[in-house]
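Student: Got a structure for you, written out below as structure tokens; questions coming shortly.
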């Protein structure tokens with residue numbers, strides 16, 4: 001009888017509330033994002049070392065390379081807590097991971113709501129960024145390619161209208177501007193016909209001197225701000241899907257870490273109970 005009770009006690013000591021599935025699923029989840037964070041930091045460091053066009057980056061509020069490094073480092077620390085916490089079943093690290101993910105999710109949600117409420121201010125901010133990018137168009141080849149890509153994709157030219165290109169020193173319509181591109185717009189503003197064998201890369205020459213209707217025969221006259229707003233309105237489901245895709249991994253991480261924390265707490269209670277009743281004469 002005593003032997004049977006002793007065997008039952010041994011089975012109780014071997015029993016665990018911690019599910020290996022939850023534990024290692026959370027570890028793999030964090031390990032993948034830990035690798036991604038290392039890649040982000042590496043790209044940020046490489047871009048910062050190779051990029052020297054500080055005047056071109058002046059059009060942005062934050063240097064993208066630095067922002068990538070900061071996000072990567074934060075992501076590295078958070079996922080490191082999740083990896084070690086899940087493997088070592090450390091409640092403190094898991095709670096840190098869970099709280100950080102929750103705060104990030106709340107901040108993202110708040111940013112989305114504020115952006116929707118203050119859409120006019122957000123529009124003005126975007127307009128300022130685009131105007132500064134126009135000013136520094138020729139200062140950096142990557143910035144130039146980015147603007148050209150945007151104008152080709154959205155069939156637009158400038159921020160509000162095509163005459164915004166007069167803000168650039170090379171395209172300015174001022175009488176004292178000696179540039180050969182005076183009063184012109186970039187080739188990415190041009191309406192390119194697919195059936196033409198030879199493409200006129202100088203089609204933007206002198207377009208700012210033409211009236212709106214006449215210029216519209218050769219280039220896209222509408223600004224990129226309105227085109228971008230219209231694209232956002234027509235692709236709300238796509239943007240919502242992207243936002244949901246970013247939110248789901250965070251919610252999964254929060255859920256798995258909370259489940260594992262509760263399981264570890266139950267396991268600690270079981271161990272304390274067994275420790276307390278180990279001296280029981282009837283066991």
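Keep in mind that glycine also has a Cβ here, set from the backbone N, Cα and C atoms.
Annotation comment: TrEMBL describes 21-45, 65-85, 97-118, 236-261 as transmembrane segment. According to TrEMBL, the feature disulfide bond maps to 156-189, 157-173.
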Student: Determine which residues of the chain contact the transmembrane segment (21-45) at the Cβ level, with the cut-off under 8 Å and only residues 6 or more beyond its ends counted.
Tutor: 65-69, 71-73, 75-76, 79-80, 82-83, 86-87, 89, 97, 249, 252-253, 256-257, 259-260, 263
Student: Where residue 173 (disulfide bond) and residue 189 (disulfide bond) are concerned, what is their Cα separation in Å, rounded?
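Tutor: If we compare the Cα positions of residue 173 (disulfide bond) and residue 189 (disulfide bond), the gap is 17 Å.
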Student: If you measure residue 189 (disulfide bond) to residue 157 (disulfide bond) at Cα, how many Å is it?
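Tutor: Residue 189 (disulfide bond) to residue 157 (disulfide bond), Cα-Cα distance: 5 Å.
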Student: Under 8 Å between C-beta atoms and at least six residues away from its ends: which parts of the chain pack against the transmembrane segment (236-261)?
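Tutor: Here the qualifying positions are 18-19, 22-23, 25-26, 29-30, 33, 82, 85-86, 89, 91, 94-95, 97-98, 101-102, 104-105, 108, 112.
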Student: Just to be sure I understand the packing, how many Cβ atoms besides its own are within 10 Å of the Cβ of residue 189 (disulfide bond)?
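Tutor: There are 25 such Cβ atoms around residue 189 (disulfide bond).
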Student: Going by a 10 angstroms cut-off between Cβ atoms, which of the disulfide-bonded residues 157, 173 has the sparsest surroundings?
Tutor: 173
Student: For a quick check of packing: other C-beta atoms within 10 Å of the C-beta of residue 156 (disulfide bond), how many?
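Tutor: A 10 Å sphere around the Cβ of residue 156 (disulfide bond) contains 23 other Cβ atoms.
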